[in-house]
Amino acid sequence: MAKKVQAYVKLQVAAGMANPSPPVGPALGQQGVNIMEFCKAFNAKTDSIEKGLPIPVVITVYADRSFTFVTKTPPAAVLLKKAAGIKSGSGKPNKDKVGKISRAQLQQIAQTKAADMTGADIEAMTRSIEGTARSMGLVVED
């Protein structure tokens, strides 16, 4: 028989840097989950990813206080900022441009995000990432 699901907890945790401090501790503590067990498992799973990159994670908490979790790919905005070498996007994206990004970089980001995106093909996903880049104040170059 399947376990009864108690809650789903969605967080963004830095890769390889999960610890019991906020936001992880309070979110999991409310559900009665062993926080250190999650931190160790998450850090082990995100070993191969660049440290400090925010990783969205969905934690399924069961009635017996056990848990499973699924990691996603980093947010597109974070990958775009890293590729363009900027700290933050533009406050006025249509007026102030903060950086440039090539179409090849957009395709590479779309490939990275492909597992989590619901696009028809890689071209559609690239266009979606391109829209995110433009709304951040990045200029897309061919």
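Cβ atoms are placed via backbone N, Cα and C, with glycine included.
Going by Swiss-Prot, these are the annotated features:
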type	residues	note
MOD_RES	A2	N,N,N-trimethylalanine
MOD_RES	K4	N6,N6,N6-trimethyllysine
MOD_RES	K40	N6,N6,N6-trimethyllysine
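Recorded features from Swiss-Prot, shown on the structure.
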{"residue": "A2", "record": "N,N,N-trimethylalanine", "CB count, 10 Å": "5"}
{"residue": "K4", "record": "N6,N6,N6-trimethyllysine", "CB count, 10 Å": "8"}
{"residue": "K40", "record": "N6,N6,N6-trimethyllysine", "CB count, 10 Å": "12"}
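Geometry remark: the residue listed as 'N,N,N-trimethylalanine' versus K40 (N6,N6,N6-trimethyllysine), CA distance 25 Å. Cα of K40 (N6,N6,N6-trimethyllysine) to Cα of K4 (N6,N6,N6-trimethyllysine): a distance of 24 Å. According to its DSSP assignment, K40 (N6,N6,N6-trimethyllysine) is helical. Mapped onto three states, the DSSP output places A2 (N,N,N-trimethylalanine) in coil.
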